[in-house]
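Input: a single structure, listed below in structure tokens.
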Amino acid sequence: MTDNIPLQPVRQKKRMDSRPRAGCCEWLRCCGGGEARPRTVWLGHPEKRDQRYPRNVINNQKYNFFTFLPGVLFNQFKYFFNLYFLLLACSQFVPEMRLGALYTYWVPLGFVLAVTVIREAVEEIRCYVRDKEVNSQVYSRLTARGTVKVKSSNIQVGDLIIVEKNQRVPADMIFLRTSEKNGSCFLRTDQLDGETDWKLRLPVACTQRLPTAADLLQIRSYVYAEEPNIDIHNFVGTFTREDSDPPISESLSIENTLWAGTVVASGTVVGVVLYTGRELRSVMNTSNPRSKIGLFDLEVNCLTKILFGALVVVSLVMVALQHFAGRWYLQIIRFLLLFSNIIPISLRVNLDMGKIVYSWVIRRDSKIPGTVVRSSTIPEQLGRISYLLTDKTGTLTQNEMIFKRLHLGTVAYGLDSMDEVQSHIFSIYTQQSQDPPAQKGPTLTTKVRRTMSSRVHEAVKAIALCHNVTPVYESNGVTDQAEAEKQYEDSCRVYQASSPDEVALVQWTESVGLTLVGRDQSSMQLRTPGDQILNFTILQIFPFTYESKRMGIIVRDESTGEITFYMKGADVVMAGIVQYNDWLEEECGNMAREGLRVLVVAKKSLAEEQYQDFEARYVQAKLSVHDRSLKVATVIESLEMEMELLCLTGVEDQLQADVRPTLETLRNAGIKVWMLTGDKLETATCTAKNAHLVTRNQDIHVFRLVTNRGEAHLELNAFRRKHDCALVISGDSLEVCLKYYEYEFMELACQCPAVVCCRCAPTQKAQIVRLLQERTGKLTCAVGDGGNDVSMIQESDCGVGVEGKEGKQASLAADFSITQFKHLGRLLMVHGRNSYKRSAALSQFVIHRSLCISTMQAVFSSVFYFASVPLYQGFLIIGYSTIYTMFPVFSLVLDKDVKSEVAMLYPELYKDLLKGRPLSYKTFLIWVLISIYQGSTIMYGALLLFESEFVHIVAISFTSLILTELLMVALTIQTWHWLMTVAELLSLACYIASLVFLHEFIDVYFIATLSFLWKVSVITLVSCLPLYVLKYLRRRFSPPSYSKLTS
């Protein structure tokens, strides 16, 4: 590659997700529900429907009683090799093709299918029981005859449903009334969106004002709602009451909804049902995620195809050596049946059972408590990771915010000077309460102090008011909001919010004297240091979104009548909203370099007329059904101009325990770590340094902000000249580079020891994962804890979710769930490495077992003039791959080359695993040669040493074959487990005991002779001893790296 990257022509920007996705309407049409469209729902009158709606039945089953068996069998036989074995078994019904008893071919196939059917049946029964439990839950329905009980499955669109506290919401509803005095309720949404914080919901104002719930049936009103869709965070609709003069219309948003699957956390609520059954938000979001097929499974499938090719070739060669005489096509089929053992039918079952064992071992590991395996099909992926992509907040850090800095422009207050802030707040409210008489004139010092105190007070008051935090009072573990609020007791107050940052800010204002003690949908109460209660009316709230990066609130001070618009947000958006100043950008950078999360706080005083004009336009925009979000944003932006900058806040999110040694372990294991975060560049860089993601002796190249192709070209050329340096790039620059220089950028970035992407959107995180997979062909692992990490986790080859403060959404979407980032090291170094090596050994032994007996069959047929006559029949051929050898071979899933402590202490062992794969074409060829050697040795030895009868050949060869397999397993095991010993002895005992019942195939009197024993011993020794000698020499002169640590 040249030092200079040529200027590239414009490339079309790729879609963020190339996989086709069906929209909501297409989904509904496929389900038979017709085209989804908006609806009008009359309160309490389900018969007044303008279209048919699905029943409110939850059904997560894949099959029903009649389709279960056909469906399971179809899913199994759509795979070529399962269908191949079915055809072979069916061929035994044709007399010319029969080689022995029917059960010889049907029993192995039946066993494999039985395991699958039983597994599917258990899962289906579990789904049926869960669905029946949900569908049978009883609720109260308001009717003209009073309150009646109704099952969840019988609820219809238009019903008025009463949901009690701690009860699950049965359908998607509009919130009409609540029993809470504050006119709102809290919902627990962790089962819907994975977030553990409670969500505040507000009833329709018109219906909340009615005297009783029964009056809902006396008014003529309806809800106009948008068509069903999958968006759980937004809703557009209107409520209209026709029998009032004039008719009342209210806009409805997400704050007025009660989605099915959420749980009422406070009070009793009444709602009108909007969506049921398959149109529920929760059901429409329950889609099957991308099915991840492990790279190991793909490699095994490839080897199986090679074996199939060998099967066909050997069969054709056998017939060709007969010169295609007679009905040669029947002979080909007979040879395909004879050598069908070349393809091990039990391989998939063994590997699946092995994965179950790996998952069980991971869950039982006491050193990584709380780890959950949600996808048991890809544990081997953990042992082959080359790129780890991690979120920052809540993943590397604790997501426990600590207030560290208040900056007013001319003065900054840190932790050591918070007493000054407290004294300023105290002085303000002390002066107000004393209300001193007029003096001759304040001194200059007093004026300066009052000026500073008022600035501090305005900043603290803004922080105490501008948020979505609600104080919840608990007494003796039982929520008793009304009683506790009367006294505003500090001991039983808990803050509920969707963001840990907001809770940290409100807790800080409490520590300096201004405490949030009460809040409902229309008011807020603050308590001053003198225990005075300040009352504020909430006029409007503009919630935080990832797109806007800010939130705002308009409040009216009840004591003065002043209306104030407060806003806080990220510096990148607030810089264009606040009045011109010369310190915002510089101080934001300084605080970010200290690792602080910075928020900019501003305010704007509004005249009564100004607010009334805004409210009229805002209400009109909210009543719009089409493009509501755009119209509302336009109205809000009209206020967001020339706001007064009050302060900057800095909160610190400390690193989790043992993050530094974990990242060092991953780096030494040859895994490159990329940090993808939404934080600003300086904060992300500081965290990367503190976490030692970037080592002290590494340079950091901060990719300059680029906005077009030419700037990207120049910056990439500058970056190309750097060597062994970490890259830090913003999401905006990343988007430009990927648009014009995707290949060049990824090639350079992959050479970096570490990469930090800041201001990264969720879709960009997923795009980076996809590009790494496409450009490098290496396996990726994505780690995150929040909803914005889900797309990245699902896109990666192996997704790991961290259960954190932001909820369980990432954890539920991941393949593996951990409680702390430090557990990732053991998950990869120990369990990933062991799973990969064990599956490799298991698959090779299963293939070796099949090739050995197939080689013996080939030798036998060749000696007897290429006759298509089976060497072993009946129970011998079935028992060989089951009770005689299955347990020892499967016990390899318990083997390990080094202790767990050693694997953690020397992560270089993981790197060696990536370089020299335990399952490759080279190792496969070695095991093929071993199988051919041992099969030939056993068969020729038996033919040379047998005395007179054919049954002697069978007895000598089969016994030698069983002993060879058991010895090969014993020679391969590196760390003995007591179960391995039991498996070896049990298999040998089963064989010896079964000889009594195998007199049809084996001469029982012959095997008791000394002649039989020495012949079997010699053959077994010749087949195994050379391999043991080679293994010893290799270990002596070219030992593997792990052997140096175990010797």
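Just so it is clear, glycine is given a Cβ too, placed from its N, Cα and C backbone atoms.
Sequence-distant neighbours of ASP391 (active site, 4-aspartylphosphate intermediate) (same chain, 6+ apart, CB under 8 A from its CB) are MET675, LEU676, THR677, LYS765, VAL783, GLY784, ASP785, GLY786, ASN788, ASP789, MET792. Residues or ranges marked as active site, 4-aspartylphosphate intermediate in Swiss-Prot: ASP391.
The ATP binding site annotation in Swiss-Prot covers 391-393, GLU502, PHE544, LYS549, LYS568, ARG597, 677-679, ARG759, LYS765, 788-789 and rests on similarity to another entry. Within the same chain, residues at least six positions away from LYS568 (ATP binding site) with a Cβ under 8 Å of its Cβ are ALA462, ILE463, CYS466, ARG550, MET551, GLY552, MET574, LEU599, VAL600, VAL601, ALA602, THR649.
According to Swiss-Prot, the feature topological domain 'Cytoplasmic' maps to 2-69 (among others), an assignment based on sequence analysis.
Using DSSP to sort the residues of the topological domain 'Extracellular' (92-96) gives these counts of helix, strand and coil: 2 helix, 0 strand, 3 coil. Annotation source Swiss-Prot lists topological domain 'Extracellular' at 92-96 (among others).
Look at Swiss-Prot and you will find 120-303 (among others) tagged as topological domain 'Cytoplasmic', backed by sequence analysis.
Cβ atoms under 8 Å from those of the topological domain 'Extracellular' (326-332) belong to residues 96-97, 315-316, 318-319, 868 of the same chain, restricted to positions at least 6 beyond its ends. As annotated by Swiss-Prot, topological domain 'Extracellular' applies to 326-332 (among others), with the evidence given as sequence analysis.
Feature annotation from Swiss-Prot assigns topological domain 'Cytoplasmic' to 355-841 (among others); the stated evidence is sequence analysis.
For the topological domain 'Extracellular' (863-874), the model's average pLDDT works out to 82. Positions annotated as topological domain 'Extracellular' by Swiss-Prot, on the basis of sequence analysis: 863-874 (among others).
Here Swiss-Prot flags 894-923 (among others) as topological domain 'Cytoplasmic', drawing on sequence analysis.
Here Swiss-Prot flags 943-949 (among others) as topological domain 'Extracellular'.
With a threshold of 8 Å between CB atoms, the same-chain residues lying at least 6 positions outside the topological domain 'Cytoplasmic' (973-978) that come near it are 891-892, 894-897, 1046. Here Swiss-Prot flags 973-978 (among others) as topological domain 'Cytoplasmic'.
Listed by sequence, the residues of this chain that lie at least six past the ends of the topological domain 'Extracellular' (1000-1006) yet keep a Cβ under 8 A from its Cβ atoms are 872-876, 949, 951-952, 954-955, 958, 1012. Swiss-Prot lists 1000-1006 (among others) with the feature topological domain 'Extracellular'.
Annotated topological domain 'Cytoplasmic' per Swiss-Prot: 1031-1047 (among others), in sequence order, evidence recorded as sequence analysis.
Residues annotated as transmembrane segment in Swiss-Prot, with sequence analysis given as evidence: 70-91 (among others).
For the transmembrane segment (97-119), same-chain residues at least 6 beyond its ends with a Cβ under 8 Å from one of its own Cβ atoms are 69, 72-73, 76, 82, 85-86, 88-89, 91, 330, 333-334, 337-338, 340, 345-346, 348-349, 868-870, 873-874, 877-878, 881-882. As annotated by Swiss-Prot, transmembrane segment applies to 97-119 (among others).
The transmembrane segment feature in Swiss-Prot is assigned to 304-325 (among others); the stated evidence is sequence analysis.
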Stretch of maximal Cβ-Cβ contact with the transmembrane segment (304-325) [cut-off: under 8 Å; candidates 333-354, 842-862, 875-893, 950-972]: 333-354
Annotated stretches the transmembrane segment (875-893) and the transmembrane segment (1007-1030) touching (3 or more Cβ pairs under 8 Å): no
Surrounding residues of the transmembrane segment (979-999) on its own chain - C-beta under 8 Å, 6+ positions past either end: 875-876, 879, 883-888, 890-891, 894-895, 959, 962, 966, 969-970, 973, 1007
Same-chain residues at least 6 beyond the ends of the transmembrane segment (70-91) whose Cβ lies under 8 Å from its Cβ atoms: 62-63, 97, 102, 105-106, 108-109, 112-113, 116-117, 120, 304, 308, 333, 336-337, 340, 343, 345
Sparsest-packed among the binding-site residues, when each Cβ's other Cβ atoms within 10 Å are tallied, from ASP679, ASP789: ASP679
Contact call for the transmembrane segment (842-862) against the transmembrane segment (950-972), three or more Cβ pairs under 8 Å: yes
Long-range neighbours of the topological domain 'Extracellular' (92-96), counting only residues six or more past its ends (CB under 8 A): 102, 104-106, 327, 330, 337
The topological domain 'Cytoplasmic' (973-978): DSSP-derived helix, strand, coil residue counts: 1 helix, 0 strand, 5 coil
Tertiary contacts of the transmembrane segment (924-942) (same chain, 6+ residues out, Cβ under 8 Å): 303, 306, 844, 847-848, 851-856, 858-860, 953, 956-957, 960-961, 964, 968, 1015, 1018-1019, 1022-1024, 1026-1027
Listed in sequence order, residues with CB under 8 A of THR393 (ATP binding site) and six or more positions away: ASN399, ASP653, THR677, GLY678, ASP679, ASP785, GLY786
